[in-house]
Amino acid sequence: MLTSINPNPHTRFYFLLFTCSSRRPSSNDSTCSLNVPFDRQSTPQVFSISGNTLNNSRSKSLVNIPKCQKGGTDQDSSLNGIEESPKDISGLNYRRGSLQPDKKGNFPAVKDAFGPQLTNDSFMTLPGTPIPSLVQDDSDDEFTEIPPPTPAEKEEILDPESLYFRDGRRKIDMVLVYEEEELGVMTEAEAKRRDNRRVFQENLVKEGLELELEHKDISFDGKTWFLKIHLPWKTKTRYAAVMGLKLPIKRFITISVKAWDDEKSQNKKESFWSKLQKKINDLTQFNTDLIREEPSFYESTKGGDREEQFVVKDRVTSYSSAQRSLVVMQILLRVKFDETDKVGIRRLLNDNTYLACFPLHEGRWEKEQSDGRILDRRKLYLEWARPGVWMKRQPLCLVRKYFGDKIALYFCWLGFYTKMLIAPAIVGTLCFLYGLFTIDSPDNIPTKEICDPMGPGNITLCPLCDKACKYQKLMDSCKFARLTYLFDNPATVFFAIFMSLWATVFLELWRRKQSVIQWEWDLQGFESDEEPRPEFETSVKTFRTNPVTREKEPYLPTRSKAFKFVATGSAVFFMLVVVLCAVLGTIIYRLSLVSVIYGGGGTFLKRHAKIVTSVSAALINLLIIMCLTRFYHRLAIYLTNVENPRTQTEYEDSYTFKIFLFEFMNFYSSLIYIAFFKGRFYAFPGDTAIRETIFSRVKGDICDPAGCLSELCIQLAIIMVGKQIVNNILELFNPKFYNWWRYRTHRSNTKDLSRKHTRWEEDYHMQDPGRLALFDEYLEMILQYGFVTLFVAAFPLAPLCALLNNIAEIRLDAYKMVTQARRPLAERSEDIGAWYGILRAITYTAVVSNAFVIAYTSDFIPRMVYQYKYSLSEDLVGYIDSSLSLFNTSDYHPGMGGDDNEEPPPPDCQYRGYRNGPDHEDKYGLSPQYWHVFAARLAFVVIFEHIVFALTGIMQYVIPGVPSELKTQIQRETLLAKEAKYEHGLKKSDNDMYEDLMNNLKENNNPRLEGRPAIRGSWARRLSRLSDGLDAHVEVTSRKKNSVSSTVWE
């Protein structure tokens, strides 16, 4: 129990440090002790509650003062009512899941908190596992003021590589950091923070955690306190059961299940492709001597009919470090820190009660431990986070063990996406090479005509602006025409159809792989039992009775939800308008720059005015995009907090939708404009409507005579490649600079520069990855997927650029997480969340987008119409002249036309479009060829979409979401679990069933005892469903009431 120390007239101190330790293997007696500095005692002794001395090695500044045990234990002193500890331990029948005393009345260690009923006198103790006693609410305990450590205590050298408490046995699972103001007079805010820390840490101990505090006087700067948290075995197993955590899998054991009587040949000759695949796997395999190979469902069932192979999960005996930190974090999120309903470490971090909360990295990444051991962090750097291992497979098993399920699932998806990019990168490169090698072929007639100075290349074009621009020749667009052909060639249509089908195959194959990953990593059914966010529970003041559970729960009324959605939706809509205004500004900049260049630019600028305008406008657009992105990310977090979603998944989905909607418009709006709108509103050079206002001048923004595809290609390449380069530079150097500056600041505050910093101090110097660090990585890849699929017809090299970037991205993200950031808080996730729905929406949009790019942006359809409708020889000779319309310069109004200072204007000029000539009765009206091209374009879009959607639908039907062999495996496990549960239930006597029923009712309906809440309803329901999911290899047999076995889980 935490109690405030009587303050002096000017200051108050609060101190807590509970540790519960045990003597093993000699005894199963447990002690619950309090760690505080002992006044000048050089050789402290620790006493157990029975009076025996424990000769454990302790800190000279942290010693144990025993607490007195008064009678029996408090009935509700265990974990939130999950387990009872009766005061009178004689003559009671203990329910399943409770600790059973021996003859002396001591509570021994157990392997599992949810085993069968035990009444035998002999028990086994797990070696090396701390056995915490139940925390007793003892109001008689008094604490004295904590004196500063003595000079001898300060000179004590801590092991800088240690990951344990000072006793060297209990591992540090989480670290909290805080500082105390030393202004001479304690402020009200500081007093509140100290009181909140005291109450919070008291409640941590009540929840079953063990704490150890490093005094500020022995820290690196003399003012920072480090509170180390250890998760004992008993607390860990109980919370793991409540949260549905399962022990990590060591291996898969395959049992052959014969479904047919005939014998199948086992000695099949190995094919060429299998040999090639084996060589590739050997080449890309990481060092299995250093990192254990990940268990795989397909590898374990290899060599036979997979539906006849039954896979058994063989688990290890301890939880991973990521799972331990996950359990600790769940406790920290739900512990109160004052007398109100406010809970959670996040509130305390926001008001600077604590400065940081993080799990420790395991050792150093750049070298082994001093004793030669290679810890997991060093292994991850050697085989995963180095650029030199870019060809190696990712050790996802170790990534999951070290960082948790959510981060491992991200890298699994990223690796799969990168692998799938190989095929479109090869096909896109071949399409580009085809255009490169055939650019001077006889079939490329339009480009040859544009570049022919004696033919159509000598056609005079109308000026792009009034008075400042000059009349130009068509051959000035020769470079744009050659660039356009590289991407707009006969292979473009094939590549667009290929990419639409590839995107569908990618999503379906990922869905299959994700289902296998969920089974291998035990991720099924996590989100269906997700708890409400602590922020939601404490901020919502309205309650309702759940119609299913009949329990009161926080509830946000529909009217409040609608009001918040309208408010946040208005803010999002406003930001979308800002993006469109930025695009409009870029268009006006492009038009103005053309006038400036032709009006007063040099010869070089005038000669390359179109390229300079396109490139500079794209760079400015990229700069605006990056600035708006930074601002909107903060705004989206604020808006999502205003909405206050119920669960963390709903919170992330809401935030994801806002960010992606904004980023979609931010990155793709300029591309959409160039591809589908640029030049569509332009009538003819003498039109007065396009010159009325500054905004109507946008109608005069027309494409080059060679087409808009070249400009779209330049815009796409600059935004996509530029974004990747900028992000990679920021991801690499921003953490380095931040860590360097932070370490420099801390080092300047360090009193003893010769002293080595401890592991928790080293991690404290590093950058905090933040809660949404993984979100930014997902967003970057999803936007890249949009570039690869939406406008791939304009830039076939986009998949190749994405592939090269992702190869570096995997190692860069790994390097950043392993070496440059604090260890992220482990999180659980069943899938990639809302990102999968966004990927599917992009895939469907890509089909329509590529159809319109081919039909309206490229010249594929106009060329086909001319070749088969208007050409006498059914070729493209004369196509360029056919795609241009004639304009009489005498029809210019005053103030219009080109720069005529040097020479008189030509009698007529030509412009891009299908319109009647000046002598036609419908002067400058739309010609019949325009309507023929329009109908052909519309027909192509409809046919293209129907063909591609039909093929994608067939693929979705042919490729099931769950492999048939995995479905059979899951069905077998479900059947075995039901049979085991049924047979186990038949063996129970009526007394046992009645006893279990009464205990469950008592536990789930128990009101608040001693000021502490009973177990939450949803968590209690989880406990009742623990036996619904059973590992296939668990052998459930008939056990007698006096069985000496401690649990059915082996």
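Cβ from N, Cα, C; glycine included.
Keep in mind that what you see is a predicted model, and the values were worked out from it rather than measured.
What TrEMBL says about this protein:
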| type | residues | note |
| --- | --- | --- |
| REGION | 64-107 | region 'Disordered' |
| DOMAIN | 164-396 | domain 'Anoctamin dimerisation' |
| DOMAIN | 399-973 | domain 'Anoctamin transmembrane' |
| TRANSMEM | 408-437 | transmembrane segment |
| TRANSMEM | 491-510 | transmembrane segment |
| TRANSMEM | 565-591 | transmembrane segment |
| TRANSMEM | 611-632 | transmembrane segment |
| TRANSMEM | 655-676 | transmembrane segment |
| TRANSMEM | 782-807 | transmembrane segment |
| TRANSMEM | 832-856 | transmembrane segment |
| TRANSMEM | 934-959 | transmembrane segment |
Inset, instruction - Would you confirm whether the transmembrane segment (408-437) and the transmembrane segment (611-632) meet the contact rule of 3 or more C-beta pairs below 8 angstroms, pairs 6 or more apart in sequence? - result: no
Legend entry - Beyond the flanks of the transmembrane segment (832-856) by at least 6 residues, Cβ under 8 Å: 409-410, 413, 492-493, 496, 499-500, 503-504, 507, 510-511, 514, 649, 652-653, 656-657, 660, 675-676, 709, 712, 778, 782, 785-786, 789-794, 937-938, 940-941, 944-945, 948-949, 952
Legend entry - Residues from the same chain, set at least six apart from the ends of the transmembrane segment (655-676), whose C-beta lies under 8 A from its own: 568, 572, 575-576, 579-580, 583, 586-587, 618, 621, 625, 628-629, 632-633, 636-637, 639-640, 708, 711-712, 715-716, 719, 723, 772, 775, 779, 782-783, 786-787, 790-791, 794, 833-835, 838, 849, 852-853, 856-857
Inset, instruction - Using a Cβ-Cβ cut-off of under 8 Å, list the residues of the same chain that are 6+ residues beyond the ends of the transmembrane segment (934-959) and lie near it. - result: 497, 500-501, 504-505, 508-509, 512, 847-848, 850-852, 854-856, 861, 864-865
Legend entry - Within-chain partners of the transmembrane segment (611-632) [C-beta distance under 8 Å, separation at least 6 from its ends]: 479, 575, 578-579, 582-583, 586, 589-590, 593-594, 597, 605, 659, 662-663, 666-667, 670, 711, 714-715, 718-719, 722-723, 726
Inset, instruction - Restricting to the domain 'Anoctamin dimerisation' (164-396), report the mean pLDDT as a whole number. - result: 83
